[in-house]
């Protein structure tokens with residue numbers, strides 16, 4: 001809804017940031033994947049605050065949190081005295097952005113996406129904003145190579161994977177097309193078992209059976225709505241699928257799996273290994 | 001028993017003196033909370049320092065000016081308006097329905113505003129509005145949703161120039177259910193980001209307050225509120241029952257229409273700019289009745305003062321409790337307000353039976 005606006009702001013600020021002589025020294029990172037890139041560039045000493053999705057590496061949680069990226073608080077941001085704010089695309093609300101524009105604190109909106117190109121673009125954008133483009137190119141090349149190496153396997157082409165975001169009662173919330181889960185599943189060379197809807201949606205029992213997943217992919221413990229593997233497998237529809245019959249539930253860290261950042265190569269390797277292990 | 005003081009006849013149980021004293025106390029509390037709201041915040045900008053600078057003719061630093069004038073001032077003022085609107089609407093509706101459970105939600109305002117907001121959040125992206133208008137889409141749409149639902153409800157409940165309060169209560173439940181099911185359809189269609197936007201909207205916040213929003217919302221909230229005292233004697237009479245109220249010369253139909261229009265406009269606008277802030281509308285009038293009685297002449301004014309104080313204080317807590325992040329204000333009003341209200345009820349159980 002507000003995307004063109006935010007792109008425009010990001011562009012203007014990026015331009016003005018590039019013109020200023022001093023590289024930013026007090027950075028707010030609003031986005032888990034951005035924070036990981038800042039750490040990978042060795043620039044964590046320049047961070048003064050993070051958002052609620054930044055949880056890797058563990059020590060980042062010692063920084064104050066500015067909350068959720070779409071609900072940034074104007075006074076909260078100003079209170080940490082930043083000279084640069086890096087956000088995932090979709091930062092808001094617009095009223096906060098207006099206040100930031102007035103105080104002339106540069107805000108860079110980092111484009112998101114669920115493929116190799118998106119990871120490279122993220123790294124480049126963050127590196128340029130941090131005024132270290134060469135290091136950024138180097139990191140981008142390294143991460144790109146890691147993703148390429150990890151994506152090489154072709155033995156999982158028949159593997160149907162169902163990503164389950166959560167199960168509430170008997171309702172299964174699954175990842176459809178145009179999601180981070182589909183992106184990483186396809187990068188690992190496997191197939192997203194459900195198609196035909198966008199985003200994360202509740203999936204009916206019959207649709208689950210029709211999807212016939214070989215593996216159920218879920219996020220690790222630590223999320224609020226934790227359900228055990230036994231509960232997942234005892235779901236009547238899941239129990240009727242190949243994954244249910246062979247008891248294949250694969251768990252991975254959410255930020256690693258879906259972050260699309262510097263650890264994505266590792267995520268592909270772990271996912272592929274997990275899927276192979278689940279192969280039995 | 002009659003007590004003659006200063007020529008005026010006071011009946012036993014008359015609590016108008018208490019109520020008037022309470023008004024002064026509440027006005028003071030509101031003033032204090034407004035000052036606290038302006039002086040406190042995550043950024044640590046000092047109101048006193050800024051005032052001293054202004055008096056001495058020094059210009060303020062850009063950051064301090066933005067924090068005080070662009071962030072805190074519109075928020076505090078908006079908090080006053082929204083709190084007053086919710087509390088006064090609650091008082092008026094409880095009087096109109098002669099039902100202690102009435103709050104703005106009962107005439108479909110909340111459900112209608114939710115439907116309007118979620119429509120704008122989910123469908124607004126498809127309509128390519130220019131950037132300046134995008135920020136206005138949600139509040140405008142929420143206001144239209146609230147207004148249309150309430151007016152529709154009033155039309156449904158009115159036949160041959162007479163509005164049935166019972167029909168309004170029941171049709172309100174039906175309309176709310178309908179609006180919620182439409183909201184459900186849109187929530188299903190929403191993507192992840194839109195879903196989160198709507199969740200946060202429904203928890204309420206004054207964070208989006210700025211002067212341009214204030215310029216649009218303030219007249220729609222304030223003018224109806226200024227008219228509410230005119231309803232007071234009518235609402236007092238209505239407590240005898242509709243027929244009796246008619247016999248003592250109260251124009252019941254005009255009273256109903258007036259109350260519904262006032263609530264639709266002021267609460268509709270309040271909810272549109274702040275999202276769903278529960279609890280204030282239902283609890284503030286009850287607290288005041290416990291202290292100073294059910295006379296609407298005082299209840300309405302005092303509700304406005306206490307509602308405003310409560311919301312400005314709750315917003316202050318929401319801004320500083322997890323700084324530099326913010327807690328939605330609806331959570332605070334419920335977490336602090338609900339147990340407090342229960343405690344009052346339990347303490348007074350022997351004395352007052354609502």
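Including glycine, each Cβ sits where the backbone N, Cα and C put it.
Just so you know, TrEMBL annotations are computer predictions that nobody has curated.
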Checklist outcome for this item: transmembrane segment per TrEMBL, picked from B:239-256, B:329-346, is residues B:329-346
Checklist entry - Looking at B:1-22, B:133-154, which one does TrEMBL call transmembrane segment? => result B:133-154
Checklist outcome for this item: If one takes Cβ-Cβ under 8 Å and requires six or more residues beyond its ends, the residues near the transmembrane segment (B:329-346) are 202-206, 274-280, 283, 286-287, 290, 310-311, 314-315, 317-318, 321, 354
Item to check | Best-contacting stretch, by C-beta pairs under 8 Å, relative to the transmembrane segment (B:133-154) and drawn from B:210-238, B:259-284, B:296-317 | outcome: B:259-284
Next on the checklist: Taking contact to mean 3 or more CB pairs closer than 8 A (sequence separation of 6 or more), are the transmembrane segment (B:210-238) and the transmembrane segment (B:71-93) in contact?
Outcome noted: yes
Next on the checklist: Could you check whether the transmembrane segment (B:296-317) packs against the transmembrane segment (B:24-51) - three or more CB pairs closer than 8 Å, residues at least 6 apart in sequence?
Outcome noted: yes
Checklist entry - Which listed stretch (B:24-51, B:71-93, B:166-190) has the most C-beta pairs under 8 A with the transmembrane segment (B:259-284)? => result B:71-93
